[in-house]
Structures are given as C-alpha cells and as structure tokens.
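Here's what TrEMBL has on this protein:
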DOMAIN    1-170  domain 'NADH:quinone oxidoreductase/Mrp antiporter transmembrane'
TRANSMEM  12-35  transmembrane segment
TRANSMEM  56-77  transmembrane segment
TRANSMEM  83-102  transmembrane segment
TRANSMEM  122-141  transmembrane segment
TRANSMEM  153-176  transmembrane segment
TRANSMEM  277-299  transmembrane segment
TRANSMEM  335-353  transmembrane segment
Amino acid sequence: AGIFLVARLLPLFIVLPYIMNFISLVGIITVLLGATLALAQKDIKRGLAYSTMSQLGYMMLALGIGSYRSALFHLITHAYSKALLFLGSGSIIHSMETVVGYSPHKSQNMALMGGLTKHVPITKSTFLIGTLSICGIPPLACFWSKDAILTDSWLYSTIFAIIAWVTAGLTAFYMFRMYLLTFEGHLGVQFQNYIGKQKIPFYSLSLWGKGVYRRINKNVNLLTMNNKECSSFLKKKIYPIYDSSRNVTRHFITIAHFQFENEKFYSYPYESDNTMLFPLLVLSLFTLFVGSIGIPLSLSNEGVDLLSKLLAPSINLLSQKLNNSTNWYEFFKDSIFSVSIAFLGIFIAAFLYKSSYSSLLNLDLINSVLKIKRGPKRILWDKIINATYNWSYNRASIDSFYTMSLTR
C-alpha cells in the first residue's frame, strides 16, 4: 500500500528533487538492511519477511529514481512470487507439526527441517519456483522487473547501483540458503534427538502471545489421529505406521522426542491437503507467466507491452535517457550480468549449506568453509561470522535501540 501511495503521488514529488532523493535513499537503505537481516535467520517465516522488506526497498528505490513503471512492475511480480513462498512456508510448517507438534518455535525452525523433498514433493517444487523467481532467474516473474530496476539504477547513481547489484547477490544467497536448509539433507529434528537433548522444557506461545516455558502434560491430549493414510494433490501416497502405534496421539503443546531405543517408529512430515496445494499450483503458474506482461510485444518499439498500456498515461523520468526504445543488446548484456550475480549467490549458498548427511550442522557457516588453522586469519574469520549472525539474530540491534532510547 505504501509503494502504491508513493507511486500515485509521484507527480507531486517530482517538483521537489530533494524529496525524490530522500525516497531513493530510504529505498536503498531498506534494500540493504532487509537483505543483511535475512542472511542468518532460523525462522522460515521471518526470513521471508525480511526478504519482503528488501524487495519493497527495490520498489521504493525505483520510485525515487523516477522509474515508475519498473516499481509497479516489481510490485506485481513480487506479489505472486512472495505469496507462493509464504503459502509454501505455511505448508511446510503444517507438515512439520506432525513431528514436533503445535509449537511455532519448533515448526518454523529451519534447524529442525531438512530432507523434506521426499515428504512434501509438491510443496518443494512450488517453493523452488518462488525461490528462483526472487533470486532473479529467467524466465520467472521477478527477473523481468528486478532487472529493469537494476538497469535504471545505473542512470541515477553509481553508488546506489553497486549496492543494489550486490544486494541482488545476497538475495540469491539467503533465499537458496532457506531452500537448502528446508529440503536438502536429513530431517534435523532427528539429529536433535541423537545429541541427547531429550528432557528439555518446551517452548510455546501463551494465549496473549508471550513466550512461556512449559513441559508436556502427557495426560492432556488435543486430538487423536488415525495416521494410516495421507492424501496429496494428484496422487495418494500411503505412509505406513507400525501396528503397535496405529493410533498416534498429538499432544497439546508438542511431541517431546523420538524414543530411538525402545520404539521402532517415529512420525514423518507429510504433504498438505488439496485446499493448500491447489493455490500453490495456481500461484506457481502466475509466477511462471506474469512477467510476460512487461515484455515488449514488438522488437522495434517500447511501450507496446501490456503493462505499459495498463499504466498509460504514466510517467517515467528515465524515458528520455532510454530513448523510448528497447536496446536488446544492452538488455541481454545487463541480463547476463544480473543472472551471473544471482547464480554466484546460489553457488555460495550451495557450497556452504548443501550437505550429504545433515542440514542441522550447516547452520554455522564455518562448518562448510575450508578449515583455517588457529591464528589471526581464523580469529578474524570467526569475528566476521559472529558479527553476521549477531546482526541477523538481533535485527541490527534496532529493538535494543528502541528499548533504550524510546521506552525509558
């Protein structure tokens, strides 16, 4: 709503160049801040939220540099892609609750996920489409709009353009990091049991949203499931459970742990039902094809694409600099550069977080980086890693600053 409001009031802001500079400054700060906060998040929904914050910064940056069409184009393409990702995360959380119970602190924790590809294949496929779209991989939706913003940023400020392009690489890194931690490796909650953390207090949310610690009351049950068959969209797959445990009881708060010594069974995540999968497939189709509304229908003229017709008569301060025509050579050159940066971020994420035995171990960057002997280089590297995680986990100390400066 804020992006649309600024876009509609842009004819008023153009009269005051300082306002336009301030809008672009706010946009580029938001781009970088949101991306850095998402680098090391464990909560899947929080990671997507900071990704949304960064993409909104791209839209605000486009408005500040006068690229009216690119800003609204990215608003449309990002809406479908991020709706797909948030609904996909809901499907993932829903499937994890069969293992950890109703506990947002656990069901949203990517440290307890991993290896979900074989359990939620449809959710995995749709989540991958949304991830690649946000990364800026063609021909998915966000590639067309983000590439337009990155190209226009060079015409406004070299510094802003460099920050925007570097952040595009960070976006590809943290988005693919989330994908790998969620779907690759093995189920992290099982490794938590192997390391002996079995008798620990369980975290849950009270009725008023405050975090409290509780232990499971094994005599209180919310419901009883006959978990013998689970249906999924387009096909039905049966997940057998041993006869000694046909009636599996879900506790009100969470499932404590898996008894690997005395029992030979444990629950696995399973695919969501059709009411959740059908919207995922619909949003996947939009993510695949909605970018076509901004592609010129003719190779000789610009402004004949569907989006330009919908926004006409719109304004674009950069239209004169772009000579009101599509230079396809420049377009492909810039596209190759932007896609290369995206693939670089994906490659780094795959190098650091893809594991053949456990996604749980990959939460620390140092586990996958080349071993550095103890010394000044190792100490410096540890400081960089700790600073990155502290910045991300503590949300850039914004909450601490707010508490100290405004609430006292």
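Glycine is no exception: its Cβ is also placed from the backbone N, Cα and C atoms.
Note that the structure is predicted; figures quoted are calculated from it, not measured.
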When counting Cβ pairs under 8 Å to the transmembrane segment (12-35), the leader among 83-102, 122-141, 153-176: 153-176
Distal contacts, the transmembrane segment (277-299) - CB-CB under 8 A, six or more residues away: 69, 73, 76-77, 80-81, 83-84, 87-88, 91, 122-123, 125-126, 129-130, 133, 139-145, 148, 232-233, 271, 305-307, 310, 326, 328
The transmembrane segment (56-77) touching the transmembrane segment (153-176) per 3+ Cβ pairs under 8 Å rule: yes
Stretch of maximal Cβ-Cβ contact with the transmembrane segment (335-353) [cut-off: under 8 Å; candidates 56-77, 83-102, 122-141]: 122-141
